[in-house]
Amino acid sequence: MKALSNTSFLVLGCLPLSFAATITAPTPLATTTFDYIIVGGGTAGLVVASRLTENSSVSVLVLEAGLSDKGIVPIQVPFLAPTLSPQTSLDWNSTTIQQGGLAGRNLPYIRGRVLGGSSSINFLFHQYCSSEDWDRLGTVSGDSGWKWANMRQYVPKHEKLVPPADNHAGTAAQILSSTHGIAGDVSVSLPGFNETTDSMVYQTTRQVAEFPYLPDTSGGDTRFLGVGFIQSSAAGGVRSSSSTTYLANASGRPNLTVLLNATVIKVFPNGNTSGLPSMRVVQYIPSQLVGTAVTVAPINVTARKEVILSAGTVGSTILLMFSGIGSARNAPKFNTPIIVDNPSVGANLTDHLLIPNVFEVTGSNLDGLLDNATVQAQAMSQWTSTKMGPYANSVANTYGFLRLPSNSTILKGISDPAAGPNSPHFEMIFTNAWFLPGVTKPATRDFLSVVTVVVSPTSRGQIGLGGADPLHQPFIDPQFMATDFDINTALDSVNAAVRFATAAPWNNYTLQPFGPFGVAFASNDSSQLETYVRKFSTSAFHPVGTAAISPVNAAFGVVNSDLTVKGVSGLRVVDASVFPFIPSCHTQGPVYLLAERASDLIKAAG
């Protein structure tokens, strides 16, 4: 595997594109002590690594359980994002327990196991959410630095707005460039391949007052309610991840070491600091098949200053528990001595529920590409030679964020779960193709999928240990559809999708709701529609909340407002697990901004 410039990449047994049961012994490190050790080379971890190593006197070790993203073409091709997970070597391949609210189904729970983490395998959606999401975080944490007025400074530091792959005209009507960064690390662009449905979506926003046009969908400084064009983490038709940007930009620094295929199994103390356990020793093993028992001797490395957990909502939560930070009630079952009894660890799991709504259509769409190997080969050839064509895009060009009507009975008698009056309750994503997981597409028909997502859910679940061995798959229970608000908002979003896709601009395109969705909708029976939602909904894979931020002396929470773990010293968490409420958009952008501010907080702590 080729190293990135002078950065030290110590590869512990180069894994193929499927998990191996055994790997080679780890290459010895030249040193086992670093100023900072970052657990997880993903979306947040590589931001922090890049920012901390801007100081040449600081040494940083990144421990990544997965393999390198280098040379894996499907990662680079935006359109191939759906092929990257689940059940691949790029994913941890976790599943939830049976979800009572979703007809007793176990769901795949996708999280990246590759350099770049989920930014290397997600669907590339990039935005910052409503400013009210950030203002609520500032209020709940007791730290105004998390409010949008302060967080907005990280947009130009993080983002580099670039032209769409096809350099199409008219982008001024699709994005407000003045609110975006132009010299940051991660490239962001508009769709680079026109879809048949783009004009129909736009015309609907102009003709139906319920669905206003949104001239910029990034949020933050701009209005966040309406329908507009997707912004993706891509440049010139190629994915832009934390690995291809933040890490690549730091690749010439001799003070940065990235260790691949190294699975961290716990953090433990090496003394006390100011009366608190000093959690500065990290224990890892060469990566092996998840779900098997640890069969090799662990290796210890030590941080002089801090250990930073950036292993994602599931990974960081499990590491805290195996490190003795969690509920004392569960510790004896898994033989984990407790250092800090904190039942908030693993609680408050919150995720976005995704509902696939399929319509039969007549006309040109992406099903012709998905059904035909010859057409796929042509599209791949075009992308390889020019980085243009359908493969230069992710799965959709347009989407929208919407609220329930102010007089909706769904909101009656409850506190509005959205972050504020300008924040959404649900999302609609327009994919000009079949999307109904678990159901085979009919070969001779064409389809439009209007995927809806509950983005301000009130259901709360939990993450826990799945066994006493660190490689056991974790216990994951999102508790989807556990509240009346989530159930009724899901149904309302489905009905909104029908109103949108059957508005006048779609008269010559949309035929009817199709398949199980069509049967349920045609029944005009809300109970049948609810049954459909429960049988076919899934996760949007945006879990947050299990290591939530709270003020120093709060009765709940896992980390303080500076992201230091309560009750210990030398340990922080920097990833989506710290959000106490789920952001009302796709979580990639918020995690990037979180990591930028976290880097400043770590630097300030010295």
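Placement of Cβ uses the backbone N, Cα and C atoms for every residue, glycine included.
Residue environment of His542 (active site, proton donor) contains 25 other Cβ atoms, counted within 10 Å of its Cβ in all protein chains. Residues annotated as active site, proton donor in TrEMBL: His542.
For His586 (active site, proton acceptor), the number of other Cβ atoms no farther than 10 Å from its own Cβ, over all displayed protein chains, is 26. Annotated active site, proton acceptor per TrEMBL: His586, in sequence order.
Residues annotated as FAD binding site in TrEMBL: Val114, Val264. The DSSP secondary structure for Val114 (FAD binding site) is strand. Within 10 Å of the C-beta atom of Val114 (FAD binding site) sit 29 other C-beta atoms, taking all shown protein chains into account.
Annotation comment: TrEMBL describes 34-353 as domain 'Glucose-methanol-choline oxidoreductase N-terminal'. This prediction places the mean pLDDT of the domain 'Glucose-methanol-choline oxidoreductase N-terminal' (34-353) at 96.
The domain 'Glucose-methanol-choline oxidoreductase C-terminal' feature in TrEMBL is assigned to 457-595.
TrEMBL lists 1-20 with the feature signal peptide.
Counting only residues at least six positions away in the same chain, the Cβ atoms of Val39, Leu63, Ala65, Val282, Gln283, Tyr284, Ala311, Leu319 sit under 8 Å from the Cβ of Val264 (FAD binding site). Counting only the Cα atoms, the space from Val114 (FAD binding site) to His542 (active site, proton donor) is about 17 angstrom. In this structure the alpha carbons, written CA, of His542 (active site, proton donor) and His586 (active site, proton acceptor) are 7 Å apart.
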